[in-house]
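According to TrEMBL, the domain 'G-protein coupled receptors family 1 profile' annotation covers 43-292. Taken from TrEMBL, the feature transmembrane segment applies to 28-50, 62-84, 104-122, 134-156, 208-228, 240-262, 274-294.
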Amino acid sequence: MPYSRPTNASLWELHLTGIPGLQHVHHWISIPFCIMYLVTLTGNSTLLCVIKADPSLHAPMFLFLSMLAVIDLVMSTSITPKMLGIFWFHSTAISLDACLTQMYFVHALSVMESGVLVAMAFDRYVAICNPLQYLSILTSPVVAAIGLATLLRAVVFMSPLTFQIHRLPLCSPAVVDHSYCEHMAVLKLACGDAAFSNTYSLSVSTCVGSFDSLLIALSYGLILRAVLSLSSSQARKKAFGTCSSHLCVMALFYILGLLSMYMEKYCQELAPQVLLADLYLLIPPAFNPLIYGIRMKQIRDGARRVISR
């Protein structure tokens with residue numbers, strides 16, 4: 001079914017195109033997207049249930065993992081059902097308020113996820129490099145303060161984006177060439193001067209991504225230095241395997257995020273940039289519970305104890 005742009009769309013209602021140029025294969029694209037969403041729901045929900053039910057998992061590491069699971073669940077749910085509605089039922093209409101709400105959640109939760117990944121890297125550094133002081137450093141108030149700081153940073157950085165675009169007049173046809181309300185895609189509808197909003201979005205995303213990835217690289221660099229000093233080759237192999245899997249997932253999150261943002265700004269081909277932006281929000285939430293949760297012996301043992309009870 002060919003896609004036609006609505007020409008009489010109200011400025012209070014926008015239309016999402018899905019993946020521009022690939023509307024004829026939306027049904028096929030929806031299959032892996034739906035599978036990743038189901039994996040995200042199942043994996044993160046299971047992780048949260050196991051951590052909540054087993055008192056032995058109420059440690060700082062698993063509290064950070066719970067934060068990550070909640071963020072992934074909310075972020076995926078804020079975009080995927082609407083995306084699948086576009087792919088399956090050509091349900092392109094979305095109200096302006098719903099679009100701005102979705103935009104805020106997507107970008108704020110991305111910043112929160114980045115902050116939690118930094119916290120998890122710091123947690124691993126303390127656990128491996130200062131194991132005797134682990135519980136005295138990462139106390140419950142400290143973990144709560146880190147979570148609150150992560151939330152406040154996201155609100156402070158991302159609120160101006162939504163505020164600015166809410167004040168800008170939007171022009172018809174109100175068609176967003178994207179599968180969700182991505183900031184730069186919506187900003188292309190602005191009739192007024194959007195230079196500040198564009199610059200602010202690029203600057204904040206670049207600074208947050210670069211600064212957080214630098215802190216993660218520093219933490220894991222110190223961890224690897226400590227691992228290399230271990231006398232047991234088996235312990236070194238296990239630590240390298242854990243660190244490499246964590247770093248691969250983190251690199252995927254930051255590389256896909258920054259690439260999708262700069263492609264949205266500078267690339268003329270819409271399909272690759274939209275597809276990359278979709279994968280950036282769908283792949284990490286599906287892989288995080290597998291890499292950080294199921295591969296951990298404590299989580300598997302906790303799941304067995306919960307099931308046996």
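Just so you know, glycine gets a Cβ as well, placed from its N, Cα and C.
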So, do the transmembrane segment (28-50) and the transmembrane segment (274-294) meet, by the test of 3 or more Cβ pairs under 8 Å (sequence gap 6 or more)?
yes
Can you tell me which parts of the same chain pack against the transmembrane segment (274-294), counting only residues 6+ beyond its ends and a CB-CB cutoff under 8 A?
19-20, 22, 33, 36-37, 39-40, 43-44, 46-47, 65, 68-69, 72-73, 75-76, 79-80, 83, 106, 110, 113, 120, 177-180, 182, 185, 245-246, 248-249, 252-253, 256-257, 259-260, 263-264, 300
